[in-house]
Amino acid sequence: MAFANLRKVLISDSLDPCCREILQDGGLQVVEKQNLSKEELIAELQDCEGLIVRSATKVTSDVINAAKKLQVVGRAGTGVDNVDLEAATRKGILVMNTPNGNSLSAAELTCGMILCLARQIPQATASMKDGKWERKKFMGTELNGKVLGILGLGRIGREVATRMQSFGMKTIGYDPIIAPEVSASFGVQQLPLEEIWPLCDFITVHTPLLPSTTGLLNDSTFALCKKGVRVVNCARGGIVDEGALLRALQSGQCAGAALDVFTEEPPRDRALVDHEKVISCPHLGASTREAQSRCGEEIAIQFVDMVKGRSLAGVVNAQALTSAFSPHTKPWIGLAEALGALMQAWAGSPKGTIQVVTQGTSLKNSGTCLSPAVIVGLLKEASHRADVNLVNAKLLEKEAGLHVTTSHNPAAPEEQGGAECFLTVALAGAPYQAVGLVQGTAPMLHALNGAVFRPEVPLRRGLPLLLFRAQPSNPTMLPTMIGLLAEARVQLLSYQTSVVSDGETWHVMAISSLLPSLEPWKQHVTEAFQFHF
């Protein structure tokens, strides 16, 4: 999937000037317009392939479906709550964020919240401003020796851990993705959640808001916590059940909470914000000059690198696409799409299970990025959808009646020659199997149903191929075929045959354009099909 035709980018929220400068230096046109209504945003996007936002702009399904040229949405920040990911994915629009841009700012705010909870600094400040001097009321607690539970050990979680360890806190945590030995390297002992709750004096959450993390702290988990636990949420509103938190504060099970985020922002229900044991901020996690500059810089660099074909970073809705920018993987992506298009033409818009098999050590982990490319080849012509691409391929797979499986064989079979790696695409339970390989950077067709081409057949994007199977002993067959091409005013560009398999030979003709019909060919051959990708 190429983004070389991305020319113009709209920046619809306030960003550091460096964002615009980097985009322009990378050869992109930039339009900056803020505070746009939905209708104004749609109007501006009619001439833009890219959109960069912070959190103010709402990229809804209406906006996405109306923006005919839009290819990429970049979120200068971590959360993508303001982008309709499902609508973007279905439309084949790539969504990117800058997961590291505001990590330090969010981590520092979290640490500040922990300190404020321990010493009741905001409450004491408010008391002083009221003209009071209440030393006894604001008795605090030391952090030294206390246990901090960190739920989510990504970049922010680990930055919080290393900083709070400087205060003498013992850090424990949980993350289903980070390996225990990795978290141990930055001083966090991983434990199951049920073991974490009763050990913690402080708990801070740093996970995305997912179905599995919504209400992670709830009535049941608060009941398992140490009495007097203090809770910090600078991640996403909803990870801490706000009703359960209020009940825990009222009962004394929770001694205090620091909240930078809420389920509804700004919160209409003020019960938590107004509670004397709650410290709150209006979602300030990324609100530092440094974070804003860093996020603007990072998203601009990501756009330029993507357009130049250098790399793809921060992908939210098509992680497998990241591998497509690897110099090793790029030609295999092209091969996978070509074999998918070949299979679609050969098997006649197949349904059922498509088997994608990688062979050879260097393709060991490539199945997840090659299978979407196979789907693109299968669906683009059959569905007549120009927007079928690596972003939405997996989403459209099931709707098309397909089930694509991937598997890997470490070594390529000896009978397939000296090549180290092969890609096989087959229709399960039917006689359709195509094998390809890459020579240098060129995708090549190696075999059809075991009939090997020597040399292999080049698969060039945009070049139509006519393939047919026939008896090898008919001397009049080739002149007849050339005559049929001439009648259709189609030029023969090249011609290759396979070795004999099951008494027949596969023939491949590169032609100047697709034939209007294959009916005249059917009386001369066993089967025939044509395709391009």
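Here the Cβ of each residue, glycine as well, is placed from N, Cα and C on the backbone.
Keep in mind it's a predicted model, so treat the numbers as computed, not measured.
Swiss-Prot lists His283 with the feature active site, proton donor, giving similarity to another entry as the kind of evidence. Long-range Cβ contacts of His283 (active site, proton donor) within its own chain (separation 6+, distance under 8 Å): Asp260, Val261, Phe262, Glu265.
Summarising the annotation, Swiss-Prot assigns NAD(+) binding site to Thr78, Arg155, Ile156, Asp175, Thr207, Cys234, Ala235, Arg236, Asp260, His283, Leu284, Gly285, Ala286 and lists similarity to another entry as the type of evidence. Classification of Asp260 (NAD(+) binding site) by DSSP places it in coil, neither helical nor stranded.
Residues or ranges marked as phosphoserine by Swiss-Prot on the basis of similarity to another entry: Ser14. Within the same chain, residues at least 6 positions away in sequence whose Cβ sits under 8 Å from that of Ser14 (phosphoserine) are Gln34, Arg54, Ala56.
Counting Cβ atoms from all protein chains shown, Lys58 (N6-acetyllysine) has 15 others lying within 10 Å of its own Cβ. The N6-acetyllysine annotation in Swiss-Prot covers Lys58 and is backed by similarity to another entry.
In the structure as shown, the Cβ atom of Thr78 (NAD(+) binding site) sits within 10 Å of 26 other Cβ atoms. The annotation phosphothreonine is assigned in Swiss-Prot to Thr78 on the grounds of similarity to another entry.
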Problem set entry | Rounded to the nearest Å - Cα separation of Ala235 (NAD(+) binding site) and Lys58 (N6-acetyllysine) | 20
Exercise. Taking the residues Thr78, Arg155, Ile156, Asp175, Thr207, Cys234, Ala235, Arg236, Asp260, His283, Leu284, Gly285, Ala286 listed for NAD(+), what is the greatest CA to CA distance in Å, to the nearest whole number?
Worked result: 24
Exercise. Should Ile156 (NAD(+) binding site) be counted as helix, strand, or coil on the basis of DSSP?
Worked result: helix
